[in-house]
């Protein structure tokens, strides 16, 4: 009886804590998405789930038709092959039906694509520059006591320097800190070769191209640490230039940026 009570308490605790524990970093044997932290990522996951409905129905129907055809039109049951060349009705059905399905898929996907490209008047602009093999950030809306923009480099922390609880190959010495519920514009470029600034939980993957400025927008809805990596092969240490975005409350962000200004 005591063991049953412990099991029940464990399941109850898991149920109540599942809403506050988020997956913002990759896990071993993970096949699904990380938990969304932006409206864009929520839209991507919802679109994926909606498409899976159509994919399952189409896959089931095609598989059923394939086995049905093999069963009824095999050599033993049809020694003399059919001379039928075409059927107008069925050809119309298998042309119009896929076109209708593609139309149903296209409408929400186009809405999501336009939303991803939309940059609402940002409160903060951050410039991200990819290097071999680290990232640098510049907060263009703030100037320190020396009259320069606030900027810093972000390097991966070596494995031997990691503290308890930090993630191997994902922790950095300087995180990109942003406030919650704020429209942020991120301008992405590169100093040497092609890079890609990607954070799965935020629904962002933006190419960093030398001599070109790409931009994306952020609107993070909850506090947390969001991990990403360079997603464009950029050389021997491509796998050692992680990205960490830390979302904090506006009060903590003001304290952080004030400290950067006074450094």
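Including glycine, each Cβ sits where the backbone N, Cα and C put it.
Feature annotation (TrEMBL): of 51-71, 135-155, the stretch labelled transmembrane segment is 51-71. The average pLDDT computed over the domain 'Cytochrome oxidase subunit II copper A binding' (121-259) stands at 93. Here the transmembrane segment (92-116) has long-range neighbours at 39-40, 43-44, 47, 50-51, 54, 58, 203, 216, meaning same-chain residues at least 6 beyond its ends whose C-beta is under 8 angstroms from one of its own.
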